Amino acid sequence: MSQSTATYINVIGAGLAGSEAAYQIAKRGIPVKLYEMRGVKATPQHKTTNFAELVCSNSFRGDSLTNAVGLLKEEMRRLDSIIMRNGEANRVPAGGAMAVDREGYAKSVTAELENHPLIEVIRDEITEIPNDAITVIATGPLTSDALAEKIHAVNGGDGFYFYDAAAPIIDKSTIDMSKVYLKSRYDKGEAAYLNCPMTKEEFMAFHEALTTAEEAPLNSFEKEKYFEGCMPIEVMAKRGIKTMLYGPMKPVGLEYPDDYTGPRDGEFKTPYAVVQLRQDNAAGSLYNIVGFQTHLKWGEQKRVFQMIPGLENAEFVRYGVMHRNSYMDSPNLLTETFQSRSNPNLLFAGQMTGVEGYVESAASGLVAGINAARLFKREEALIFPQTTAIGSLPHYVTHADSKHFQPMNVNFGIIKELEGPRIRDKKERYEAIASRALADLDTCLASL
């Protein structure tokens, strides 16, 4: 598609991603038409008409550079993020986390955007994708059905999902490899799964813990269609003692290897039950627990899933979640700049791209906004280094395995590994990754 000749850029949606995108475009001297339907049409989850409203929590999570989201926030500060700047101005005490007065914060973001001379705020619902100008779509996880259909169509009728059913993801380096074995079911293809075998006694204890664990409460806007399309592992377990044995914990075709020396039931060659772990990123540093989408509270997930042999000390880089969510098959549909592969004048940002979390959503809006502005000015696209948090997140969501793609929080597992011998002390390793990230970001910005 040819370059747009319009004298402005559209941004649809004034949540965290859309607000950030609009600001980044306007600060580069380009007029913005910012559309927001709240004020004309309410949503089930928002309480106000303010921009960048925080719906479920007032926390932007950890602020330390030894925390991946802390690193991402520092990178965003260096990129003049409107979300970070107004968040800082409205901070409330929260220990090592960054929490904000959500009303004061949202009002200040709204006021800054509404008073910006290059931003025209239009309170209206958009049901068609504009084709008059470069457009950033940032309509959030509960995109209206009408617009969702248009996004579905513009992407060839593929790759727009309505339920986020994500299994937990763990750091491979924290798996006890002496208790697991590499094998694919029936030895089909290459050995692609790490298998965590259970004896009958281990399975029964695990089943009891799983069926009695505390679930997270549902939001009112998630209840109606919550169980369509997928089933939480705890619900499956409650349907019968053996239900999981015919589902994600099926042991058939996963015989013990000849050199296996761990516990087993008598002389059986096959475990009573098996939990499979599947590689989640190209670097092989992250693995997800296959079929374990769940709505347990995070503390309960840690307690129960660490009963799985080999995962006793596992670190969870993302806990399982289940909620209604509209997100795209970004690996097939988007470039690393969040542009549509089929229409480069169309960009997406926010949770619909497969990033998970307030900070991550704002970061995606920052990347999309910068690149929309560069596209408008006919400048080369800006792809941040994979050694940075703000570079690794777009890279992950646009390069993940499409077949198993699920929304992702920022974490050190998706950032390019350090060169040289692995630093064993985790805090020192994360400090080194953060130091390299900020240096590489500064170098990138200096070259612009």
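Each Cβ is built from the backbone N, Cα and C atoms, and glycine gets one as well.
For reference, Swiss-Prot has these:
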BINDING   Gly13, Ala14, Gly15, Leu16, Ala17, Gly18  FAD binding site
*Where Gly13 (FAD binding site) falls in three-state DSSP terms*: coil
*Which residues, sitting 6 or more apart from Ala14 (FAD binding site) on the same chain, put a CB under 8 Å from its CB?*
Ala22, Leu34, Tyr35, Glu36, Arg38, Phe51, Ala52, Thr110, Leu113, Val121
*asked:* Quick check: with Gly13, Ala14, Gly15, Leu16, Ala17, Gly18 left out, which same-chain residues have Cβ atoms within 8 Å of the centroid of the FAD site Cβ atoms?
replied: Val11, Ser19, Glu20, Ala21, Phe51, Ala52, Ala138, Thr139, Gly140, Ala349, Gly350, Ser361, Gly365
